[in-house]
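Below is one structure, written out as structure tokens; the observations come after it.
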Amino acid sequence: MKIALLGYGKMGQIVERFAVDRGHEIVLKISVDNRADLTTANLRKADVAIDFSAPDAAIDNIYACFDANLPVVVGTTGWYGQLQEVKNECLVRNNTLLYGSNFSIGVNIFFHMNKVLAKLMNNFPAYEVQVEEIHHTQKLDAPSGTAMTVAEGIIENLDRKIEWVNELVGTPFDDVLKKEQLLIESHRIENIPGTHTVVYSSEVDEIEFKHTAHNRSGFALGAVVAAEWLENKQGFYNITDIFDFK
Ligand SMILES: NC(=O)c1ccc[n+]([C@@H]2O[C@H](COP(=O)([O-])OP(=O)(O)OC[C@H]3O[C@@H](n4cnc5c(N)ncnc54)[C@H](O)[C@@H]3O)[C@@H](O)[C@H]2O)c1
């Protein structure tokens, strides 16, 4: 496949390595310095685009792909407030988009098991639950998209939680947490690619369910696999559509 890379930072460069290893060709690389090259004509040289850019760039990039009728895989997080609008536009215009808060296979197994565990914990009201995420200090959004997916998986399955609230540790936080609120605690520490933990604690013990990314390779490989999966498909997809955990 011919691939356009929208965002050529830490993730874009690793995606390039995996894509080339798997026999694909990179025909366009867009970063903040050459945004003028993001034209319909240039995008049409590609079979698919992979976006790992920035929260404030992702929407423009997605619409540029729609204008060029180019399927796009979006790894960028921090734009999900506009997800419904983008989905509607994608479907109305018969375009193709696959997004995911986390492309790693391990995290997608973690997402699934998190839901199973949350359902089980309905039977054990003595346990309070909390989500924790740790990322490198350059991360622009908090909580992480992955932590939001984990929190939503809990809220969908654990009756005693109805919404999440975020505390970015080190910034002011004076909310008094209500029983039905789920806390996502965000930590920013140098050089951490991504760690997510779900903690159930009672007065007598604690259960920790944790995923630790050792590096960014799992996300990048997952994005290339997602681009391959998207070939000859049309519509709006999530990375979870690739996996069958039934
Ligand atoms: N879904 C996943 O599995 C996953 C995994 C890791 C990171 N991410 C997300 O991917 C995104 C990128 O992460 P990164 O670590 O590569 O960041 P990075 O800062 O290293 O790279 C960002 C790239 O985007 C470019 N960019 C920024 N603003 C732009 C603009 N207005 N127009 C065009 N290009 C622009 C920058 O020049 C750079 O090349 C973040 O949102 C991050 O949270 C997602």
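Including glycine, each Cβ sits where the backbone N, Cα and C put it.
Automatic prediction, not curation, is the source of TrEMBL annotations.
When averaged over the domain 'Dihydrodipicolinate reductase N-terminal' (1-102), pLDDT in the model lands at 97. Sequence annotations record features per position, and here TrEMBL assigns domain 'Dihydrodipicolinate reductase N-terminal' to 1-102.
In three-state terms derived from DSSP, Arg35 (NADP(+) binding site) belongs to a helical segment. Arg35 (NADP(+) binding site): 14 other CB atoms within 10 A of its CB, across all protein chains. The NADP(+) binding site feature in TrEMBL is assigned to Arg35.
For Gly75 (NAD(+) binding site), the number of other Cβ atoms no farther than 10 Å from its own Cβ, over all displayed protein chains, is 27. TrEMBL lists Gly75, Thr76, Thr77, Gly100, Ser101, Asn102, Phe103 with the feature NAD(+) binding site.
TrEMBL lists 106-242 with the feature domain 'Dihydrodipicolinate reductase C-terminal'.
The active site, proton donor/acceptor feature in TrEMBL is assigned to His135. DSSP assigns His135 (active site, proton donor/acceptor) to a strand in the three-state reduction.
As annotated by TrEMBL, (S)-2,3,4,5-tetrahydrodipicolinate binding site applies to His136, Gly145, Thr146. Neighbour count (other Cβ atoms within 10 Å of the Cβ, all protein chains): 25 for Thr146 ((S)-2,3,4,5-tetrahydrodipicolinate binding site).
The active site, proton donor annotation in TrEMBL covers Lys139. Cβ neighbours of Lys139 (active site, proton donor) (same chain, under 8 Å, six or more residues apart in sequence): Arg188.
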Cα-Cα separation of His136 ((S)-2,3,4,5-tetrahydrodipicolinate binding site) and Asn102 (NAD(+) binding site), in Å?
16
Three states by DSSP: which one describes Phe103 (NAD(+) binding site)?
coil
Is any of Gly75, His135, His136, Thr146 (recorded positions) within Cβ reach of ligand 1, i.e. under 6 A, and which?
Gly75
